[in-house]
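Visitor: Found this in Swiss-Prot, in case it helps:
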- 1-38: topological domain 'Extracellular' (TOPO_DOM)
- N10: N-linked glycosylation site (CARBOHYD)
- N11: N-linked glycosylation site (CARBOHYD)
- N24: N-linked glycosylation site (CARBOHYD)
- 39-59: transmembrane segment (TRANSMEM)
- 60-73: topological domain 'Cytoplasmic' (TOPO_DOM)
- 74-98: transmembrane segment (TRANSMEM)
- 99-107: topological domain 'Extracellular' (TOPO_DOM)
- 108-132: transmembrane segment (TRANSMEM)
- C109-C187: disulfide bond (DISULFID)
- D116, C120: serotonin binding site (BINDING)
- 133-152: topological domain 'Cytoplasmic' (TOPO_DOM)
- 153-174: transmembrane segment (TRANSMEM)
- 175-193: topological domain 'Extracellular' (TOPO_DOM)
- 194-216: transmembrane segment (TRANSMEM)
- 217-346: topological domain 'Cytoplasmic' (TOPO_DOM)
- 235-261: region 'Disordered' (REGION)
- K345, T346, G352, F403, N404, K405: 1D-myo-inositol 4-phosphate binding site (BINDING)
- 347-370: transmembrane segment (TRANSMEM)
- 371-378: topological domain 'Extracellular' (TOPO_DOM)
- 379-403: transmembrane segment (TRANSMEM)
- 404-422: topological domain 'Cytoplasmic' (TOPO_DOM)
Amino acid sequence: MDVFSFGQGNNTTASQEPFGTGGNVTSISDVTFSYQVITSLLLGTLIFCAVLGNACVVAAIALERSLQNVANYLIGSLAVTDLMVSVLVLPMAALYQVLNKWTLGQVTCDLFIALDVLCCTSSILHLCAIALDRYWAITDPIDYVNKRTPRRAAALISLTWLIGFLISIPPMLGWRTPEDRSDPDACTISKDHGYTIYSTFGAFYIPLLLMLVLYGRIFRAARFRIRKTVRKVEKKGAGTSLGTSSAPPPKKSLNGQPGSGDWRRCAENRAVGTPCTNGAVRQGDDEATLEVIEVHRVGNSKEHLPLPSESGSNSYAPACLERKNERNAEAKRKMALARERKTVKTLGIIMGTFILCWLPFFIVALVLPFCESSCHMPALLGAIINWLGYSNSLLNPVIYAYFNKDFQNAFKKIIKCKFCRR
């Protein structure tokens, strides 16, 4: 969003300078050719990467069937929104930055500001929708499976655009101050105090609060699941120890001492149906695992504990088998929890990046109209803050590509043009 101008011709009055600051502002005649070249290269690279990254996300979801689910529909819609920012907003913002002057007329300025506010607000609200979707999926996983439909995703996406329209349209209908159009060389958003509060809270501060609450509850739910899993493992381990201790003590060897070969450990065979000797075979929780249990030796003879029956009555569960089953179950739970924590971590990084990019901008956007000429903001710092917000549209696809293996594989296929060969 563009709430401040970068330069206003040869005028240097306080009301016309960037951020309403005092002192002289670099005029169009003072802008050097080297500044224009360097700025054009930097901003051109940013815009190109933003377009390419978001286009790849959209193409990946459209071409890769494994990515076509409700959660990724929200991500795809976010990419479309960021693509609109990159194509419709950033080129005009870059031209404004390079020339240090608005040269496209007042009508185009109004359209530029409306598109800027609409697309940037929708992009921010998409992050809210993604956080809300993850919150429902983690806190109500069973019921939300049936509720997580494309229709619900479409409703969330439509809501983000509706709120964006409600925030972007009012200045075009007159909710602005007369000073907003006083300088033909400047193009800034309305500095009306009421609209400033309405737009900044609607586009950023309320969504920020909502995301903080949602992610706080997501982390709390994830932590509860982890602790619950640990308690189950500990309880199962205690039960296994109790069941093992109830087994009859081992018989002594002929010399009255436990034999050196007593209570041998299990021999694990990964191939189902492999012949086993001197032991009892039982298929555990892992369908690909067979346990061979040699229990006790007396002289040259061997005695084997009976395997637990289907009903579990009058049988003893071998400790090694129970430990193996427990390890298998625990490993599966750890894998599931690791995937869940990775998802939460990824979305947390997205939210953190969003805050880093947009918080400085919205602090300035909220404070500036109220402090008038008492605020002092260097023009260069203002431009950096402005483009830091725009860069969020570049960083979103980078984060998804880095953390999501499915997206990585789809991007590789796009680069190698494997989809073209189908």
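Glycine too: its Cβ is placed from the backbone N, Cα and C atoms.
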Visitor: When only pairs 6 or more apart in sequence are counted, do the transmembrane segment (379-403) and the transmembrane segment (153-174) reach 3 or more Cβ pairs under 8 Å?
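Guide: Output no: the transmembrane segment (379-403) is apart from the transmembrane segment (153-174).
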Visitor: I'd like to know the mean pLDDT over the topological domain 'Extracellular' (371-378).
Guide: 80
Visitor: By Cβ distance under 8 Å, which residues at least 6 away from the ends of the topological domain 'Cytoplasmic' (60-73) in the same chain are close to it?
Guide: 79, 130, 133-134, 137, 148-150, 152-153, 157, 406-407, 409-411, 413-414, 419
Visitor: Select the closest residue to D116 (serotonin binding site) from the following recorded positions, measuring between CA atoms: C109, K345, G352, N404.
Guide: C109
Visitor: K405 (1D-myo-inositol 4-phosphate binding site): which of the recorded positions C109, C120, C187 is the nearest Cα neighbour?
Guide: C120
Visitor: Of C109, C120, C187, which is closest to N404 (1D-myo-inositol 4-phosphate binding site) if I measure between C-alpha atoms? They're all recorded positions.
Guide: C120
Visitor: When neighbour density is defined as the number of other C-beta atoms within 10 angstroms of a residue's C-beta, which of the recorded positions C109, C187, G352, K405 has the lowest density?
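Guide: So among C109, C187, G352, K405, the recorded positions given, the one with the fewest Cβ atoms within 10 Å is K405.
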Visitor: By DSSP, what is the split of the topological domain 'Extracellular' (371-378) into helix, strand and coil residues?
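Guide: Grouping H, G, I as helix and E, B as strand yields 4 helix, 0 strand, 4 coil.
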Visitor: Cβ under 8 Å to the transmembrane segment (153-174), counting only same-chain residues 6 or more beyond its ends: which ones?
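Guide: Sequence-remote neighbours of the transmembrane segment (153-174) are 70, 73-74, 77, 81, 110, 113-119, 121-122, 125-126, 128-129, 132-133, 180, 189-190, 195, 198-199, 202-203.
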Visitor: Just to verify a number: CA distance, K345 (1D-myo-inositol 4-phosphate binding site) to C109 (disulfide bond), in angstrom, no decimals.
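Guide: Given the Cα positions, K345 (1D-myo-inositol 4-phosphate binding site) is 39 Å from C109 (disulfide bond).
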Visitor: By a simple count, how many Cβ atoms lie within 10 Å of the Cβ of C120 (serotonin binding site), its own Cβ left out?
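Guide: 28, counting other Cβ atoms within 10 Å of C120 (serotonin binding site).
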Visitor: Going by C-alpha positions, which of the binding-site residues (C120, G352, F403) is nearest C187 (disulfide bond)?
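Guide: Closest recorded candidate to C187 (disulfide bond) by Cα: C120.
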Visitor: Please list the DSSP helix, strand and coil residue counts for the topological domain 'Cytoplasmic' (133-152).
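Guide: Helix, strand and coil residues of the topological domain 'Cytoplasmic' (133-152) number 17 helix, 0 strand, 3 coil.
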Visitor: Would you kindly give the Cα-Cα distance separating C120 (serotonin binding site) and F403 (1D-myo-inositol 4-phosphate binding site), rounded to the nearest Å?
Guide: 24
Visitor: Quick one: of D116, K345, F403, which of the binding-site residues has the smallest count of other CB atoms within 10 A?
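Guide: Candidates: the binding-site residues D116, K345, F403. Fewest Cβ atoms within 10 Å: K345.
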